[in-house]
Each structure stands twice: as structure tokens, then as C-alpha cells.
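Contents: one structure, followed by commentary.
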């Protein structure tokens, strides 16, 4: 089981590796830059060398960078498009520099017509990401709750992937809280299997690479993005157990993004999930 959490790399990647180990994680996700804006931290070559050794010792895999919330792949305004294009391009290279496997992004919001927004997402990914010569991290588009003009249903992601020509370098990251808020009832094994069947039919399971494992503070089908601690939300322990024991969902790399006061609380959630895995 590959299970970890969203951790900071502000004090250096080797320290993040040590933190992951201390909470019982064998994978982690991090923001590629300040999630609310600002310049990216430059990672020195010596730090990258130390990181590679620390990662090897800790058996951390996979590593996922997450683009900041200020990125909007569906932006209509030219200034916002330029910013998003720059961040997607530059942060792809930054994740590649530390040998990260995945780069996760919210698909974004549309302005005006929904299809026009989806088409802008396709164009921006082509220009800023697919233009980069491999190897590099696989871009994973995240399933979203569907707040307002937010893009991120399974049908949306299918449209984007089809528009891109189904490239091997673009895939999907699920989010249990977002899916629940979007109307997918994951509280039972049958509900989880219904989701898996939909993914198999429209996306292809080989393209689904990771999941953000979060409980939901928002009700089923509410289209509100509100995370809760593991077992403390609408999914509850029973729902989290259904997800982690699903033959497909439970074998994905799982990243916690739950509201915690400190990283030690992530450790408590990881221990709980490991117990639920055997239920």
C-alpha cells in the first residue's frame, strides 16, 4: 500500500523525506510553489543529490508535485493564461529535476461557455506541457466537486483527454471528497465499483494513477469542496474502508489532504487507514 500525505518542502527535500518516514508514509505530495502565489523556491543541486539518497533509503514512491491554486488552465484572460502557461511549463521541469513521477493540477474554471473553457484547457496543456521533451512527470488532472464554473467531472476529463489525442503523458488523479460531493456515493463497495466501472469505460483504468484520500465535510452531491479528517466526515470510517479495500481504488497511491493541526496527526490518520485496510 502506497500511502502518504501532502507535505511541505520549504525546509528542504531531505527533511521532508525524514518527516514522511516519521509519520509512517511511503509516498508524499507537495506544492511546487506557494499555493496562493509567489515565486517558486529554487532547489540547489546539493539538496537534490541529498534528496535522492534520502528517498532511496526511505523507499518513497511515487512523488507528486501539485500546482498552486492560482493556476487556472481554463482561463480566458490573456494575463492569467500567460501565468498558467509559465507555471505549468516551469514546474514540470522542476518536478522532473527531483525525479518526481507526477504533476497534479486542478483542471480549472471556465468563463463564458463551458466547452470553450474545456477547449482552452486542451490548448494550454498542448502549448505548455506536451511541448516539453520527455522524460518528465506525468500530468494528472484532478476530479473536482463541481463548484460553480469548476471543471473536473469524469466527462470533462474524458473530453480533455480526447481533445489531446489520449497522450500517454496525461492521466487522472481522483479525490474521494470531491467525487463524493459530485454525487459518487463511495460509502459502500458497490458504490466504489460503480465509480471504477465508469472510469474504465470513459477514461481507462491504466490512466488513473493516484487518489487524494479525504473525508468530506460536505454532503453527497452538494458540489462543495470541503475536506474532513479521515472518518470524521460524511464518508466516515465505513466509507474510507470501502475505498481502501476496493481492488482498484485501494491499490492507487493515496495522498492525504485532510485538515490537520500538525503532521503528527497525519501519522495518526495513516495508522487508522492501515487498520481499515484489513477490515
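Every residue gets a Cβ built from N, Cα and C, even glycine.
A quick note: this is a predicted structure, and the numbers were derived from the prediction, not measured.
Residue 142 (Zn(2+) 1 binding site) carries a strand DSSP state (E or B). Annotated Zn(2+) 1 binding site per Swiss-Prot: 66, 106, 142, in sequence order.
DSSP assigns residue 212 (Zn(2+) 2 binding site) to a strand in the three-state reduction. Residue 212 (Zn(2+) 2 binding site) is surrounded by 25 other CB atoms, counting those within 10 A of its CB over all protein chains shown. Residues or ranges marked as Zn(2+) 2 binding site by Swiss-Prot on the basis of sequence analysis: 142, 175, 212, 257.
A sphere of 10 angstroms centred on the C-beta of residue 227 (Zn(2+) 3 binding site) encloses 21 other C-beta atoms. Taken residue by residue with DSSP, residue 227 (Zn(2+) 3 binding site) is part of a strand. Annotated Zn(2+) 3 binding site per Swiss-Prot: 178, 225, 227, in sequence order, evidence recorded as sequence analysis.
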Original post:
Relative to the Cα of residue 227 (Zn(2+) 3 binding site), which of the binding-site residues 106, 142, 175, 257 has the closest Cα?
Top reply: 257
**OP:** Write out the long-range same-chain contacts of residue 106 (Zn(2+) 1 binding site), meaning residues 6 or more apart in sequence whose Cβ is under 8 Å from its Cβ.
**Re:** 67, 69, 71, 73, 141, 142, 144, 150, 152
Original post:
Counting only other Cβ atoms and using a 10 Å cut-off, which of the binding-site residues 142, 175, 225, 257 scores lowest?
Top reply: 257
**OP:** Between the Cα atoms of residue 175 (Zn(2+) 2 binding site) and residue 225 (Zn(2+) 3 binding site), find the distance and write it as a whole number of Å.
**Re:** 10
Original post:
Under DSSP, is residue 175 (Zn(2+) 2 binding site) helix, strand or coil?
Top reply: strand
Subject >> Secondary structure of residue 106 (Zn(2+) 1 binding site) (DSSP, helix/strand/coil) >> reply: coil
